[in-house]
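Annotated features in Swiss-Prot:
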type	residues	note
BINDING	Asp142, Asn186	S-adenosyl-L-methionine binding site
BINDING	Asn186, Pro187, Pro188, Tyr189	substrate binding site
Amino acid sequence: MMIRLRRAIDSAVTQLEEAGIGSARCDAEQLAAHLAGTDRGRLALLDTPGEEFFRRYSDAVAARSRRVPLQHLIGTVSFGPVVLHVGPDVFIPRPETEAILAWVMAQRLPERPVIVDACTGSGALAVALAHHRPAARVIGIDDSDSALDYARRNAEGTAVECVRADVTTPALLPELDGCVDLFVANPPYVPDDPVVQSILEPEVTQYDPRHAVFGGPDGMALTADIVGLAGRWLRPGGLFAVEHDDSTSVPTLDLVYRTDLFDDVLTHRDLAGRPRFVTARRRESWSA
């Protein structure tokens, strides 16, 4: 790596650390690699960039120090096996949600399963699952036109169907009743509470769409509707997974149990050891 570029990155690391960013070194190198059109691991092989690079790099580092998300600045985020386009009008997929993806990949599904991803946002789960199961019919549902614009772009080259719909709508998509093999959901679930908001990172409170983050006072505004859809859409033996706040694991479990429609109801932890999602299997009998 050329001396001037190394010094610019080191200076950026200091600037980002002073802004309270814990991943300062990673972010500084990611920004440099993005602007240079290379991978982070190949920065050392670069020839000396021109003045335009250093001007743009300075601007990008300044934006990141204002806590503009790294993903907004580079325009993409990795999620499991795929790279997704993201921006200011869509929720940035988090590594925690990859735990659901890993769980699904370990399950047995029919050869051509029907998969629904509710609150799909950028299409993260839908697109990743379509790559994992290319013969599947995958439906991504969201009520945000902006989010679906990203989802459709990310779904190019796959069979993912993007549907604009509100999961709270009564009798939503009755044609799916009893036909779905796998239903996953990552709804907005952060409690809309001043105490909770005070501990969130600025990247969340200032840049993620509120509609995609906060799930009402207790974070569960959509959970009951999603559990109800799972009970209606899943075929007997179909699989269900819903992500939740680490403070609402027990209430989410209770919602699923109380339907009396599911077996094998389990809670799962994320990589940090926090309870993060609940899974269940639709009972073989349709009787409650």
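Cβ coordinates come from backbone N, Cα and C, glycine included.
This view paints the features noted in Swiss-Prot onto the structure.
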{"residue": "Asp142", "record": "S-adenosyl-L-methionine binding site", "Cβ neighbours (10 Å)": "27"}
{"residue": "Asn186", "record": "S-adenosyl-L-methionine binding site", "Cβ neighbours (10 Å)": "25"}
{"residue": "Pro187", "record": "substrate binding site", "Cβ neighbours (10 Å)": "20"}
{"residue": "Pro188", "record": "substrate binding site", "Cβ neighbours (10 Å)": "22"}
{"residue": "Tyr189", "record": "substrate binding site", "Cβ neighbours (10 Å)": "26"}
Distance from Asp142 (S-adenosyl-L-methionine binding site) back to Pro187 (substrate binding site), taken between C-alpha atoms, in Å: 10
Chain-mates of Asn186, Pro187, Pro188, Tyr189 with C-beta within 8 Å of site centroid, substrate: Cys119, Ala185, Ala212, Gly215, Leu222, Glu243, His244
Rounded inter-Cα distance in Å - Asp142 (S-adenosyl-L-methionine binding site), Pro188 (substrate binding site): 11
DSSP three-state assignment for Asp142 (S-adenosyl-L-methionine binding site): strand
